[in-house]
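These features come from Swiss-Prot:
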BINDING   38, 40, 42, 49  Ca(2+) 1 binding site
BINDING   129, 131, 133, 140  Ca(2+) 2 binding site
BINDING   167, 169, 171, 173, 178  Ca(2+) 3 binding site
DOMAIN    25-60  domain 'EF-hand 1'
DOMAIN    116-151  domain 'EF-hand 2'
DOMAIN    154-189  domain 'EF-hand 3'
């Protein structure tokens, strides 16, 4: 039993960027992910759409395993997961892998929370900094946006404008401090 708990903690530490600890950010990000995965915009994510999205992210999942996991969350009569089903699946996965770590709020005054937040930001930065040089170039940003299936990745001019909007020192690329500043100043609409 102790070994199982240690394994969960180890997985949680290695994959801390998966955990979405702030409830308002969690809901916003989860809705955005749902919208990205719902390719035809019908309000449902089919097993096939989920499989395609995971493949684009480099997470090749066995279709039969995915089907057996996901189908139990699909309501009778629906063609796929609606947002509530998707949220339930996410919560179950979070509880299974991370002990429900995404449900709680963040305490900015807590030094360990601040360190985790910094670590999460560093992991997110590495996703975009594909060559590991410490900067996000327009080409790297475009590559990631395309992998995610986002239309913004289709036009380099649009990607360059995104870079310019956060590039405070005007060197044509985003460093980690500019990335952190951008992530911390994202405005989340209140409901």
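Each residue, glycine too, has its Cβ placed from N, Cα and C.
Neighbours of the Ca(2+) 3 site: apart from 167, 169, 171, 173, 178, residues of the same chain with C-beta atoms within 8 angstroms of the site's C-beta centroid are 135, 163, 166, 168, 170, 172, 174, 175. Taken through DSSP, the domain 'EF-hand 3' (154-189) splits into 21 helix, 2 strand, 13 coil. Long-range Cβ contacts of residue 131 (Ca(2+) 2 binding site) within its own chain (separation 6+, distance under 8 Å): 140.
Only residues 6 or more beyond the boundaries of the domain 'EF-hand 1' (25-60), in the same chain, are considered here, and those with a CB under 8 A from a CB of the stretch are 66-67, 70-71, 78-83, 86-87, 90, 102, 147-150, 188. Long-range Cβ neighbours of residue 178 (Ca(2+) 3 binding site) (same chain, at least 6 residues apart, Cβ-Cβ under 8 Å): 166, 167, 168, 169. All protein chains shown were included, and the count of other CB atoms within 10 Å of the CB of residue 49 (Ca(2+) 1 binding site) stands at 18.
Taking the Cα of residue 38 (Ca(2+) 1 binding site) as the reference point, the closest of the binding-site residues 129, 133, 171, 173 is 129. Nearest neighbour of residue 129 (Ca(2+) 2 binding site) by Cα distance, taken over the binding-site residues 40, 42, 49, 171, 173: 173.
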